Each structure stands twice: as structure tokens, then as C-alpha cells.
Amino acid sequence: MEKKTVYNITNSIAISEEEAVNCNIPEVNKAEINLSQLKRNFDIIQGFLKPNTKFMAVLKGDAYGHGIRPIAKELINLKCDVFGVVRLIEAFTLRKAGIKTPIMLLAPISPSQAAWVIRYNIIPMVDSEEIVEALDQSASQNDTIVKLHVKINTGLNRYGVNPENAVKFIREIHEKYLHVQVDGVYTHFQDPDYNPDFTHKQIECFNNIIFQLQKQKLRPRIIHAANSTGIIRYPEAHYDMVRCGTLLFGLEHEQGQRNMPKGIKTLMELKGRIMKVRTIRAGEAGGYGSTFVAKKDSKVAIIAFGYGDGISRGWKEVLVAGKRVPVVNYFMDGLMVDISNIDETVKELDEAVIVGNQGDESITWLEACKSLGSYVDEQIQCITERVPKKYFYEK
């Protein structure tokens with residue numbers, strides 16, 4: 001596959017993005033992020049939606065480790081309607097990047113943060129009168145009206161107003177506060193992949209609240225419930241808007257229970273340079289702690305991708321010269337792999353693939369995370385800042 005690199009983002013501690021674009025920094029490893037695949041994923045997901053259903057791209061956790069600013073800018077080109085984040089700092093990052101798209105906070109704020117929500121034109125989630133009051137007071141001081149979304153707790157039991165109090169809570173906001181407006185109501189599923197019976201109970205509970213709001217002429221403009229799994233498996237829960245995170249980035253669950261739609265793929269591949277090739281004699285140890293002792297004369301390679309870059313101990317295999325090779329030792333700045341069974345000449349600065357394709361072989365995120373007992377969306381966010389991100393379109 002031919003690639004056209006559009007820009008690089010290198011360690012922000014050492015160098016700015018602008019500098020990274022204009023100079024060729026020697027790199028020993030990288031995360032390659034395929035923006036063409038992002039568009040394909042976006043288009044495939046849109047195919048599940050009815051016309052006029054709004055699309056919220058959930059970009060929490062630095063866009064699931066993919067880089068919140070470049071991903072958001074690409075999604076603007078794709079006509080994404082709303083961005084969802086969890087921390088105020090994520091919303092500030094987008095606004096500071098010049099992004100005007102509506103941004104919604106999917107977790108509660110503290111009263112002291114109300115002024116910042118208004119200053120940066122962010123849509124807050126509320127589930128307590130204390131927050132509504134703080135928003136109303138701050139909005140009054142700024143002579144504006146804040147549009148907010150009320151979260152309903154239908155079973156996840158993290159945030160949200162309990163169902164028996166939801167209609168009363170929303171009605172009182174309408175009656176008591178002049179500078180806030182309930183623009184949306186939403187809920188979040190507890191276990192849509194593995195427990196459809198409970199998910200349907202959540203939908204039924206949520207529908208009952210919507211019905212009561214309609215009867216009292218309190219139905220807000222935007223109703224939403226479906227997350228990534230909900231988009232695929234619960235079309236009755238699409239309502240006015242869907243929230244999409246892991247599916248947009250092609251991140252499967254540990255057992256692949258989601259049944260990913262055809263064509264949805266991950267965007268990110270991880271690659272590292274071979275920094276040293278050497279022979280270890282039979283009986284000698286390689287790396288810290290003598291965890292690897294050669295049973296015979298063995299050729300090993302040191303790859304510049306260690307747990308300081310976000311690779312967990314327990315990573316089983318990588319690709320060298322298009323073949324799978326076992327990882328035999330881990331350290332902060334690299335991996336030691338046994339390349340004794342590779343016939344081809346392997347030399348220093350050759351590229352190894354940690355996750356992705358090389359030749360006819362591939363290692364997927366799902367495969368790697370199963371061996372670690374981890375989740376893909378958990379592991380991919382472990383990749384650290386010192387790994388340069390290279391964004392590209394397929395030619």
C-alpha cells in the first residue's frame with residue numbers, strides 16, 4: 001500500500017508540531033495512523049443510521065490514543081456533528097486548536113468549572129441541581145443561555161439522575177432557571193455486548209421517560225443512548241443522535257463479541273527499528289534478570305519499542321522480515337526478540353512491526369491484547385508520548 005504522509009506529531013516536550021512538520025527528525029519507532037481508514041470507518045457507520053441522525057465522535061482519552069487534534073480536524077472534513085469528551089482539558093485542547101464544532105462533556109463538572117464551560121462554549125452534562133444552579137448563575141453573569149444535556153441513570157450506576165426523579169428534575173430546570181436550557185437527554189448502556197436482555201430493559205426505561213417528557217411538552221431537541229455497540233445491535237436506540245468511539249477507531253472487544261461490520265478496521269500500526277543484532281551463545285542470558293537463557297547459539301535483535309513506549313510485559317510476538325518472532329525479554333526502551341529461525345539477513349535499522357502488517361503476515365491489536373489479558377481500547381491508550389505519530393492517506 002502506497003502512503004502519503006500528511007503530517008507528523010513528535011514528542012511535544014521536545015519539539016512543537018510546527019517544527020516536526022518542517023524537519024526530518026530521526027525516529028527509532030512510530031505509530032502510523034491511517035486517515036483513509038478513518039473515513040472508511042466513518043462512512044460504514046453512517047450506513048447504519050437513518051437520515052438526519054446526528055453523529056457524535058467520542059474523542060476521550062486523546063481520541064483513544066490516536067491524537068485528539070488531528071483526528072478531530074479530519075472528522076470535521078467528514079462532517080461530524082458533535083465531539084464528545086470527558087475531561088475539560090480535552091475540550092480546551094480542541095477549542096485552542098481553533099475547532100468550532102459543538103463539544104459535549106460526557107462527565108459532570110464541579111460548580112467552580114461552570115464559568116469555563118461557558119467561556120469555551122461547551123455543552124455540559126448535568127445530573128444535579130447544584131451544577132444547574134452554578135451554570136445558571138454563571139450564564140446570567142455573561143448574559144447568555146447554556147444548553148445542557150441531562151443524563152439518566154438507567155442501570156450503569158455511575159452518573160445520571162435516577163429514573164423516578166428524571167421528569168421532575170427536568171421540569172424544575174424549565175420552571176426555575178432562566179439561563180439554562182435542556183437541549184438533550186441521554187443514557188448509557190451497562191453491558192450491550194453481553195447482556196441484551198438488560199440493555200432492552202434500559203431502553204424500555206428510557207423510552208418511558210421520553211414518553212412522560214413528551215406528554216408534558218418537555219421533550220428536548222436531542223435524545224441519545226446508543227454507543228458503538230448500540231449503533232450496530234440496537235437500532236431502536238438511535239433516536240436523534242448516536243455516540244461513537246471504539247467502533248470509529250475499529251477497536252474490537254477482547255473476544256470480538258461486537259461482530260465488527262465488514263470493512264471496519266483499526267487505524268494504528270506500531271513499528272520500531274532494529275537497533276542491534278547479535279549472537280548469544282548457548283547457556284548465556286539475554287537481558288535483565290536472566291529471564292531468557294539461550295538453549296543453543298541464538299541470534300537476537302533489539303527493537304526500539306519497550307514498556308517506556310507503552311508495550312506491556314507479556315507481548316508475545318512481533319514481525320521481522322515478514323515473519324513472526326518471539327519476544328524473549330523486555331526493557332524500558334526496547335524488546336529482545338529471537339530471530340534464529342529467520343533465513344533472511346536482518347540488519348540494524350531494519351523495521352520491525354509490533355502491530356500491523358509486514359509481508360504476508362499480520363499481528364492485530366485484538367490478537368496482541370488477548371495474549372495480554374487486556375482490552376484493545378485499554379492497550380492502545382498506553383502508547384506513550386515519545387512515540388511519534390505519523391498520519392497518512394492511502395494513495
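Placed from the backbone N, Cα and C atoms, the Cβ positions cover glycine too.
Note that the coordinates shown come from a computational prediction; the quantities given were computed from them, not determined experimentally.
Annotated features, as they stand in Swiss-Prot:
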type	residues	note
ACT_SITE	Lys60	active site, proton acceptor
ACT_SITE	Tyr288	active site, proton acceptor
BINDING	Arg158, Met332	substrate binding site
MOD_RES	Lys60	N6-(pyridoxal phosphate)lysine
Please name the residue among the recorded positions Lys60, Arg158, Tyr288, Met332 whose C-beta has the most neighbouring C-beta atoms within 10 angstroms.
Lys60
For Tyr288 (active site, proton acceptor) and Met332 (substrate binding site), determine the Cα separation and express it in whole Å.
11
Pairwise CA distance, Met332 (substrate binding site) versus Lys60 (active site, proton acceptor), rounded so that it is a whole Å:
27
According to DSSP, does Arg158 (substrate binding site) sit in a helix, a strand, or coil?
coil
Rounded Cα-Cα span from Arg158 (substrate binding site) to Lys60 (active site, proton acceptor), Å:
17
